[in-house]
Amino acid sequence: MASSTPSPATSSNAGADPNTTNLRPTTYDTWCGVAHGCTRKLGLKICGFLQRTNSLEEKSRLVSAFRERQSSKNLLSCENSDQGARFRRTETDFSNLFAQDLLPAKNGEEQTAQFLLEVVDILLNYVRKTFDRSTKVLDFHHPHQLLEGMEGFNLELSDHPESLEQILVDCRDTLKYGVRTGHPRFFNQLSTGLDIIGLAGEWLTSTANTNMFTYEIAPVFVLMEQITLKKMREIVGWSNKDGDGIFSPGGAISNMYSIMAARYKYFPEVKTKGMAAVPKLVLFTSEHSHYSIKKAGAALGFGTDNVILIKCNERGKIIPADLEAKILDAKQKGYVPLYVNATAGTTVYGAFDPIQEIADICEKYNLWLHVDAAWGGGLLMSRKHRHKLSGIERANSVTWNPHKMMGVLLQCSAILVKEKGILQGCNQMCAGYLFQPDKQYDVSYDTGDKAIQCGRHVDIFKFWLMWKAKGTVGFENQINKCLELADYLYAKIKNREEFEMVFDGEPEHTNVCFWYIPQSLRGVPDSPERREKLHRVAPKIKALMMESGTTMVGYQPQGDKANFFRMVISNPAATQSDIDFLIEEIERLGQDL
């Protein structure tokens, strides 16, 4: 990690009243956020941009205007210096208003403002409750209950327009019956948390409503993506300046890109002539790797039989000797080894494959090395933990999902490629209506032809904005904290009779895998009958957990092992007290099993 990482700015008003706001430095004043902080209780409101040319007096006046909200809940204002617009929250009868009454309808500005202010209030209330530990993680209902309708919440589509009042009810109920994945006690998935800066970025992204295929229609976002991808490649450790990459719809697609790039690198004729024109190719990945590698093998015409699984040790790491043996076996049988996937942070155990040893084997047999760091890539931001990915700089490609350990809102996944031009060559189709070569700007910034998609969502802005807000050091601290919580959990349960660890030793990542042993099974010798009973414990506790809605954690089997809990921590809001609560809740729900 570069030593030039900027330090977080310090505030001379650290002890100030949190309900008041002093002016921030000029670079922050560009955003309405300078006024948003004036009231904590009503929360943030999206208010547009403030022009950089505003005088200090003008900015002070705007902040004062926002402070009025503390004494009047009806005042919600947005002032842009170029038009002086000001909106007041008014009692509005939405039962007689419809979508056709909103902009671009004539005279639709006021109705639009009132409607959006109502939506923002719904969102802010949801955000506030998400961080309130007395709020449930979920209000669980079975599918048939939601399909049948819940207290006026009807999922069926209507032929005729419904009122904006009903639309607002639908907005509230959609959040009410969903899962609060940002709740500090939600541990069910690798992607958790609700970053406020990222949320602001996603709101702005949706408002801009553009596409990432050309600089022509997304100039700022395209440049942000290039700058961010370059920074990520540098953090991986690639010294060349001509690498490549793109943001994709998720880690599974990023992994698919890596296989496509490898195939095109060694057999470019496959693009025009198909798989019939190339030898019988095989791919290698660990038995603990993400299932997306096999999915990509099926989708790209290799076939799942030609995705060869490599044995792992008891910690879930690839055994290099088995990899080399299977490469030689495939060659002897007439297959052509093409690609090896090493995982940096497996989904279940959180294991890091020995990349250096795998890279040696790939170089020896001239194979493409991909590192799936979707889950573990965030550790590259930590000087304390990045050694776990030692050798990643030797990879030909890397998958890295900022929407996991870095807490970026879904979706945000990058495929990084060491060699420039492969993605373009592999996927380029030169659609004349998008990628005209005679545009008035440098068309090398039209990145859309590198993608297998045409339309591509803007995933970069929320990530870029978070990086600006936190700095590299902020992400480092966030990731270190999550790993410290995993260590805390492991130390708390490793020697207790109610719990049994799935594998020996401290976890490498935030994955802590364990069985809860109910009273009825403690001291019972291992046997098929005991394993069968133990297999049913985690699903029963999880069902009770979801019914109560107090917390969520995942479970699964692995190989011949009975169902166990897989605790993962990626939510910066989680604390030791939340870990304590989870353990107590598992004990409470499982004590009578």
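The chain as shown is numbered from 1 upward.
From the backbone N, Cα and C atoms, a Cβ is placed for every residue, glycine too.
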Listed in Swiss-Prot for the 4-aminobutanoate site shared with Q189, L190, S191, one of R536, R566: R566
Listed residues S77, S163, S206, S292, with the one flagged phosphoserine by Swiss-Prot: S77
Inter-residue C-alpha distance, S191 (4-aminobutanoate binding site) and K404 (N6-(pyridoxal phosphate)lysine) (nearest angstrom): 4
Least buried by Cβ count (within 10 Å) of the binding-site residues Q189, S191: Q189
K404 (N6-(pyridoxal phosphate)lysine) versus binding-site residues Q189, L190, R566 - nearest by Cα: L190
